[in-house]
Amino acid sequence: MFQAPIFFPLDSDELTQECLHNSDVTGAGGILCSLSCTGVNSMSPTRSFHSSLFLWSHTPGNYQVTVKRFDDAYHTCNEVIACFQDRAKIERQYAQQLSEWTSKWRPLVDSSPLYGSLLRAWQCFFTAADKLTVLHGSICRSLVSEDGDRVRTWQREMFHRKLFGGFRESHDLEAGFARAQKPWAKKLKKLEKARSAFHKASRREHQASMRENHAKGNPDVSIEKQKKIQEEREHCSQESLKASQNWWHDIF
């Protein structure tokens, strides 16, 4: 009934190629792509991986969503086992109730004055109940001792706890993503710094232009003062142009 979940290992080169699309960086790790129950994958591993890449590759730290999936997979295994146990409990109770029902009514029918086809039909009814009892008891044992144990065994093999908490695989995966993303994060930080400098320079240029326009129409401002304000505005314009060029240079 249960097909073991699938683990797709990724070596350093494969992870780096998939993560940064041929960027010149390195990465390492493995990723748990899907859990497969009753022989049917819950999602496409490739689609899941690439959708995760879209989330984390553009914003530093967003790979935490993908890393968390590993921890979630561990808890999902526990939920699958608990689900099997609940179903096994239902199957066991149903088998027990059928057995009690048969034990109650079979002696009464056997000792009754019934005969012929009616008696045989009633006895066949009990025989069918006996077979159902065996079937549901078998399902109960299979869910607990076979499927549940196989999930638990796979869980122990795939997840290895660290001494101070967490899983070793999650730590390796997070370290690989962080290492692969480090060059991009560095560039993004530089770009954000250039963008902030451009916006500040543009704001100073705008304020200088406002002061210049106000001084030109104000007879109380001396010529020397107007010239000084104009020079300040020109300086701010040059700084804004320089900041803009630096920003575009960092972008491309």
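Any Cβ shown, glycine's included, is placed from N, Cα and C.
A TrEMBL annotation is a machine prediction, not a hand-curated record.
What TrEMBL annotates here:
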- 204-237: compositional bias 'Basic and acidic residues' (COMPBIAS)
- 47-252: domain 'F-BAR' (DOMAIN)
- 198-240: region 'Disordered' (REGION)
Please work out the helix, strand and coil residue numbers for the region 'Disordered' (198-240) from the DSSP assignment.
37 helix, 0 strand, 6 coil
Would you mind giving the whole-number mean pLDDT across the domain 'F-BAR' (47-252)?
86
